[in-house]
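Enquirer: Before I ask anything, let me first share the structure, which is written out below as structure tokens.
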């Protein structure tokens, strides 16, 4: 949720943000109008309430016919107060409805445009050239080494489901363990998070539970399956006042994640690039507004550290405004090279959500002045970033493959696989 006061005082920057996203600018003026209506309705209600209280004192002192006349006026005034209260509540609801629609304010420097308008910030490593043999794709390799079984995944659960077995299961567990250990070393608190959340938690994080076709819902229980542990970690401190005096609060959540992939018909139908269920280690940070940008850079650095450990060539992109999603004010993606696709594919994403999620979830910090005296509260900033996920297996298998289909294990991962240096062909 955006800051209404900031929007009212600086409407042009919010209009510019909407333009950068390719979104409707008129919502800015609609919110300003709704806020004006809300304020006017509230003033009317408070004025009538004051009159009602004053009349109460007059009635108490009056006698006879005067009292009867005043009682009639009090009754009429009570009806007016009730109507004004309903008007104020309706105006408040209208404003809140509009605030649920407008996305976060993008920060300065974010590229304008849509999915293809990203800016490449840097490229690290060189895509492997296969001069001696034709590279196999990750599914063919996964079947050769007994790591991936798509056929039985489809038999059991349907399309875009799979089994990781043998070295495939071990490789994913190794990746997640290495990621979690790195996070712990960086000061993150490890968390195993719920994968089912209430609608208010999903909405508070920035998802539209009514219209988002990507979300699985358990209608009977009114619970939603998360597509990332970011949702549960964001809701963890809902309606709380945090102490950030000692620095950011950092959590690393591990969970299964679920996505319907409703808009992906025909895309990435082979293998495990785009699936309905996967596992992930997600970093999540609560910090001050002033520290948010620096924390965003740190999250990116931790993601790059993991990519380096896996010895993968990659690039970092600054995602364009129209591809940010509801909550993000800025997002960096790390994309690893996938040889058989001759393309970079996203492995990590890190977003600075500024105060957007915190306002929705009512997460605040206490403001202390220079004299050490508390001066109220304000919204915190939240950030998130992927540290490892099932999709990494795609890039690892393809980039580190040998002519026979076996796969060299990146050195940093070997200790998590019992010293295994090569994933052999069965």
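Cβ coordinates come from backbone N, Cα and C, glycine included.
The L-serine binding site annotation in Swiss-Prot covers 228, 229, 230, 282, 386. Under the heading ATP binding site, Swiss-Prot lists 259, 260, 261, 275, 346, 347, 348, 349. Positions annotated as compositional bias 'Basic and acidic residues' by Swiss-Prot: 1-15. Feature annotation from Swiss-Prot assigns region 'Disordered' to 1-20.
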Enquirer: Using DSSP and collapsing to three states, where does residue 346 (ATP binding site) fall: helix, strand or coil?
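Expert: Strand, per DSSP.
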Enquirer: Including all protein chains displayed, how many Cβ atoms other than that of residue 259 (ATP binding site) lie within 10 Å of its Cβ?
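Expert: Looking across every protein chain shown, the total is 19.
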Enquirer: Beyond 228, 229, 230, 282, 386, what residues of that chain have CB atoms within 8 A of the centre of the L-serine site's CB atoms?
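Expert: Neighbours found: 231, 233, 253, 255, 257, 280, 281, 283, 284, 384.
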Enquirer: Can you tell me the three-state DSSP label for residue 230 (L-serine binding site)?
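Expert: Once the DSSP labels are grouped into three classes, residue 230 (L-serine binding site) ends up as helix.
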Enquirer: Rounded to a whole angstrom, what is the largest C-alpha distance between any two of the residues 259, 260, 261, 275, 346, 347, 348, 349 that the record assigns to ATP?
Expert: 19
Enquirer: Quick check: of the binding-site residues listed here (228, 229, 230, 282, 386), which one has the Cα closest to that of residue 261 (ATP binding site)?
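Expert: Its closest listed neighbour, by Cα, is 228.
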Enquirer: Compute the C-alpha separation of residue 259 (ATP binding site) from residue 282 (L-serine binding site), stating it in Å without decimals.
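Expert: So the alpha carbons of residue 259 (ATP binding site) and residue 282 (L-serine binding site) sit roughly 16 Å from each other.
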Enquirer: In the three-state scheme derived from DSSP, which category covers residue 386 (L-serine binding site)?
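Expert: In the DSSP reduction, residue 386 (L-serine binding site) maps to strand.
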Enquirer: Give the distance between the Cα atoms of residue 349 (ATP binding site) and residue 282 (L-serine binding site), rounded to the nearest whole Å.
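Expert: Residue 349 (ATP binding site) to residue 282 (L-serine binding site), Cα-Cα distance: 10 Å.
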Enquirer: Including all protein chains shown, what's the count of other C-beta atoms within 10 A of the C-beta of residue 347 (ATP binding site)?
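Expert: If we count other Cβ atoms within 10 Å of residue 347 (ATP binding site), we arrive at 24.
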Enquirer: Using a 10 Å cut-off on CB atoms, tell me which of the binding-site residues 229, 349 is the least crowded.
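Expert: Sparsest of the binding-site residues 229, 349 by Cβ contacts within 10 Å: 349.
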Enquirer: If you count other CB atoms within 10 A of each CB, which of 228, 348, 386 wins among these binding-site residues?
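Expert: Result for the most crowded candidate: 348.
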